[in-house]
């Protein structure tokens, strides 16, 4: 066996060894043991060893020709005991398994103390394994900040169960605290912030400057359209479209698209974007334009006028979100069942229903003796309970 040097140690080739990197030193140890009874080292004192090894995360390579290397056996054992789906976690964030310092047990105890079940905790870690890298202090501080918005621990647990990323994505608690203070300062209510936290948590991970930029832009946009209360305008827009705080360029482009396409004056545009058309502001401008062009082309082919097309879209702005093929297929489905385009124009929400729902309901109504050409087709988009109650009444008179 060759002698050891401070820069590098050379040993006879073998399959099983650990490689530990440290400043100015490289040791090779056999048999996957670190400082264990069967490992060997050069004759350095423990004091010298630990002086040369910095206490940061380091990688451990376990070479084995028979199986995939395991990065941290204690971590794997802990996660398996907790019921974590290891395969899912590895696929989502493999880097976590390279860490030698993790806090899965602390995370488990913390979430249990907040009312989370073991199953929920396992699900959270399976889907967002980076959660186990957060320290107890960081978790506690972040939880306290969330409680300034969310009224109970159980509500937070429910949010984490649906979207673990919302809580664990960032560990910058100062940025979170500053964003909460700012959003409260511009007049957003606790209820509004709770909806943002639940549905658009990245708002709170944005830089404070980005959020300020968007809110200031919205206030200016509201004033330019004649709204006399900028704070109220911001509240209305954010409540209608919770993913809005992302791009001022996108919002500007979509405001101009709505204004020019539908020939709206400032008052009409204000009513639209504070109401049913608010979500269009957050849509890709290219997508919005392509979607409208397809709607226009399809309805023109069925004999509709420009005025009818605009009336249709303005009364049901959500139609812009439908993919081109899906919109065309739904129109064709209804037309094939002798429902006229004028009926669809007058009752655009029938397009909320899936094609399978439309077909099954149309069949049931025909069997009940209904004349679809004279029927108010809005019931095609009703809730299941309401629709079935109406169908039952219609069947009695058949």
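Cβ from N, Cα, C; glycine included.
Owing to the predicted nature of the structure, the values given are computational and were not obtained by experimental measurement.
The range from 307-314, 315-322, 323-330 that Swiss-Prot describes as region 'Interaction with DNA' is residues 323-330. Looking at 241-245, 246-250, 251-255, 256-260, the range annotated in Swiss-Prot as region 'Interaction with DNA' turns out to be 246-250.
It is 383-390, from the ranges 375-382, 383-390, that Swiss-Prot records as region 'Interaction with DNA'. Checking Swiss-Prot for region 'Interaction with DNA' across the ranges 350-353, 354-357, 358-361 points to 354-357.
Around the Cβ of residue 349 (site 'Interaction with DNA'), a 10 Å sphere holds 15 further Cβ atoms from the protein chains shown. Mapped onto DSSP helix, strand and coil, the region 'Interaction with DNA' (246-250) counts 3 helix, 0 strand, 2 coil. If one looks beyond the region 'Interaction with DNA' (323-330) by at least 6 residues along the same chain, the residues whose Cβ comes under 8 Å of a Cβ in the stretch are 290-291, 294-295, 298, 351, 355, 358. A helical conformation is recorded for residue 349 (site 'Interaction with DNA') in the three-state DSSP classification.
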